[in-house]
Amino acid sequence: MTEGGHEKRMKHDVPDKVSMMDLLAYQKYLSRKICYSFALWSSNVGALPFPGEKRLLSPETQDPVYSVTEKEKQPSFWMDSAQECLRKRQGQTQSTTTAKNVILFIGDGMGLVTVTATRILRGQLAAGLGEEFTLTMDTFPYTGLCKTYCTDSQVADSACTATAFLCGVKTSKSLAGVSAGAVLSQCNTIEDNKLTSIMHWAKKAGKSVGFVTTTRVQHATPGAGYAHSVNRFWYADSSMSPDHRAQGCTDMAHQLVHNIPDIEVPPPPRAPPALLTWELSH
């Protein structure tokens, strides 16, 4: 389909004051502008700022002067650090038992670049240079990397990635809880491409299942665990066109209630994230 056709389809599927394509174009422009400005600023300043930062500046160039501690000047400091790391690793015992429960924490981004920026900023907030800081996640005994992409896109979105880590199957962009055999916004491709998620598997194993989210409960990240949607932006029936509703397409909110009939919504805390637990029907 041509780019113009895609733009028309997105506008039709998401009837909003600002069309989806216009919004994406503006976000791309804004992100480029911010990143470009930040890159220029960082190249001049040399480091991320932190509140109350006081750095010694070179009188000639006004660039920050990085002060090296006396211990860092000694080779023994680095050798001792390496030995300590090895001792901790050798002292770890490998667990061969079966996990009883699983808690999956999902952070937005979390690639090497964003984690590195977080580490540096956290270190600077602690009045350091930043690079030397160690995040709690840096101390985990086991770490790994995963390759994120959609079957039809190099840059992944929340829908295809959530489907991958919740259902174990990669899919196309903007699809949630269905395989890549489904087609964007085509309701008749849902049924034959439905997937089940780890939430369903755990429930069938007799475990309690739920999720806590700081975004909307119909968002693609939690939504891929309970919904089967060919358009991640179909949050509610008002997000769908009359044609799609007439075809029998169901929005994410509808599926949240009807795909999980014994849902329980506990009283919200004072500063509530959205908290939901449910009983899946067998």
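Placed from the backbone N, Cα and C atoms, the Cβ positions cover glycine too.
Where the annotation comes from TrEMBL, it is an automatic prediction and has not been curated.
Packing around SER158 (active site, phosphoserine intermediate) is summarised by its Cβ count: 20 other Cβ atoms lie within 10 angstroms of its Cβ, all protein chains included. The active site, phosphoserine intermediate annotation in TrEMBL covers SER158.
Annotation comment: TrEMBL describes ASP108, HIS219, THR221 as Mg(2+) binding site. Note: THR221 (Mg(2+) binding site) has non-local neighbours ILE106, SER158, THR161, ALA162, THR213, THR215, i.e. same-chain residues 6+ apart with C-beta under 8 A of its own C-beta.
What TrEMBL lists as Zn(2+) binding site is ASP108. For ASP108 (Mg(2+) binding site), no same-chain residue 6+ apart in sequence has a C-beta under 8 angstroms from its C-beta.
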| said: Please give me the CB contact count at 10 A for HIS219 (Mg(2+) binding site), counting all chains in the structure. | reply: 19
| query | To test your reading of the Mg(2+) site: which residues beyond ASP108, HIS219, THR221, same chain only, put their Cβ within 8 Å of the Cβ centroid of those residues? | reply | ILE106, SER158, ALA162, THR213, THR215, ALA220, PRO222
